[in-house]
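Feature annotations, reproduced from TrEMBL:
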type     : residues              : note
ACT_SITE : CYS69                 : active site, nucleophile
ACT_SITE : HIS132                : active site
BINDING  : CYS69, ASP279, ASN280 : Ca(2+) binding site
DOMAIN   : 31-345                : domain 'Sulfatase N-terminal'
CARBOHYD : ASN194                : N-linked glycosylation site
CARBOHYD : ASN414                : N-linked glycosylation site
MOD_RES  : CYS69                 : 3-oxoalanine (Cys)
Amino acid sequence: CYTTECMLCDVLPAMRGGSTFTSCGVFFLQMGWGDLGAFGEPSKETPNLDQMASEGMLFLDFYAASPLCSPSRAALLTGRLPVRNGFYTTNAHARNAYTPQDIVGGIQDSEILLPELLKKAGYTNKIIGKWHLGHRPQFHPLKHGFDEWFGSPNCHFGPYDNRALPNIPVYRDWEMVGRYYEDFKIDLKTGEANLTQIYLQEALDFISKQQASQQPFFLYWAIDATHAPVYASKHFLGTSQRGRYGDAVREIDDSVGKILKHLQKLGISENTFVFFTSDNGAALISAPKQGGSNGPFLCGKQTTFEGGMREPAIAWWPGHIPAGGVSRQLGSVMDLFTTSLSLVGLQPPSDRQIDGIDLLPAILQGKLIDRPIFYYRGNEMMAVRVGLYKAHYWTWSNSWEEYSKGIDFCPGQNVSGVTTHLQEEHSTLPLLFHLGRDPGEKYPLSFVSDEYQGVMRQISAVVQQHKETIVPGVPQLNVCDKAVMNWSPPGCEKLGKCLKPPKSDPKKCFWPH
């Protein structure tokens with residue numbers, strides 16, 4: 001039997017009244033393609049993730065849905081491009097936008113999230129770490145399918161003075177249990193914080209609880225230690241050849257190893273599908289002290305070059321995924337939505353366009369599924385990959401104004417005519433690269449070559465077909481208002497940490513990149 005359904009028969013008895021259960025885990029962080037030893041990082045400081053790769057499958061051609069965190073996270077949980085699910089802005093052309101404290105929008109009720117669907121199949125769902133899909137009450141993760149939450153609606157920026165800007169809250173389920181820098185310490189001078197250890201223990205306890213009750217679960221472990229300002233616990237500080245960023249990576253690696261060992265100790269590893277990946281490429285603007293490595297790829301976070309969107313990715317499922325596998329399947333974070341549904345025998349919603357594909361044939365049978373990858377920056381399709389070829393319809397790293405301030409998303413990598421500081425349209429003659437011969441996107445193919453002409457005929461048809469399917473969602477990242485910040489989150493009154501908000505004054509958000 002070679003169909004996906006039959007290959008999953010032995011892991012779905014829980015759906016048919018048996019005692020075994022199948023669970024899913026997603027590790028979703030900010031790391032670069034070149035940050036793991038399994039992907040060639042020379043210091044080899046990620047032994048647990050490297051072992052995960054040796055026991056599972058590496059995806060070498062796996063992509064974020066956006067070069068920025070919030071849109072990628074929305075895409076993972078909906079299986080849809082940010083331009084469809086509303087996580088983009090129309091305030092300016094091709095701008096990266098996310099969910100800072102003053103954002104008015106967030107994930108819409110009209111979107112169907114993965115945990116909502118898994119919940120209907122009897123799953124218990126938990127998010128640990130950063131939500132980043134809106135912090136106002138209607139956007140709370142427990143209103144969108146999650147049963148438990150320990151973490152924060154925003155990243156760990158700060159500390160703030162609680163007058164002009166409030167410190168970010170940390171939630172347990174419906175209510176805050178403190179704020180970053182006040183109750184959850186982060187020492188910006190030394191980089192010391194115990195948050196990763198707290199998040200690790202939350203994961204271990206959740207898994208133990210679900211296993212004890214034979215309850216299938218979905219765990220979304222979305223910690224942010226590698227996002228500047230980078231942090232690590234005292235035990236890991238100063239232990240990496242790569243500085244503080246490496247310390248954070250080592251602690252994450254250690255935590256992933258402990259989670260996988262915990263699954264094995266509880267005897268449920270063969271019934272648990274685990275996937276490790278990132279929400280965008282390493283932030284080279286923070287390098288070298290607080291930024292990671294994108295390996296051989298061009299630029300980093302905020303850009304639609306390979307360094308901004310190609311991610312490290314590992315699938316792990318002992319007894320099902322052949323050990324030591326390497327896949328060249330073109331994959332996307334949106335595929336985790338569709339693949340997770342397939343694992344539990346569910347179909348994706350049929351009333352909307354789903355961009356994610358089911359990766360199980362690639363993972364379990366080694367098949368290669370023909371599909372394109374679209375690179376969006378805000379409301380614009382910047383590039384598309386078909387096979388080994390990538391065509392840029394627009395190029396832009398960042399503006400001359402921002403670049404003159406020292407903001408550089410491509411430090412040491414500027415390529416004439418490619419890493420442009422003005423938005424350059426190439427729709428008539430897209431810049432075309434062969435990523436096998438030129439993974440660094442330095443040598444565009446000649447417009448007059450037979451290779452260029454033949455490939456672009458194929459890519460043009462793919463792009464035309466794709467654009468015919470695009471019905472943009474209502475943009476959620478257009479309006480900002482300081483009155484909606486984290487002044488008085490639920491539970492603040494119990495802690496004496498409620499703050500008085502300013503008068504509402506909604507304005508267009510400014511997105512310079």
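Residue numbers in this text run from 1 along the chain shown.
Glycine is no exception: its Cβ is also placed from the backbone N, Cα and C atoms.
Whatever TrEMBL says is automated annotation, not expert-curated.
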Shell of the Ca(2+) site beyond CYS69, ASP279, ASN280, same chain only (C-beta within 8 angstroms of their C-beta centre): GLN30, ALA64, SER66, PRO67, LEU68, SER70, PRO71, SER72, ARG73, SER278, LYS301
Long-range Cβ environment of the residue listed as 'active site, nucleophile', under 8 Å and at least 6 residues apart: GLN30, TYR98, LYS130, HIS132, CYS155, HIS227, ASP279, ASN280
ASN194 (N-linked glycosylation site) and ASN414 (N-linked glycosylation site), distance between Cα atoms, whole Å: 37
CB within-chain contacts under 8 A for ASN194 (N-linked glycosylation site), separation at least 6: LYS185, SER233, LYS234
Fewest other C-beta atoms within 10 angstroms, as judged across ASN280, ASN414, which are the recorded positions: ASN414
PLDDT averaged over the residues of the domain 'Sulfatase N-terminal' (31-345): 97
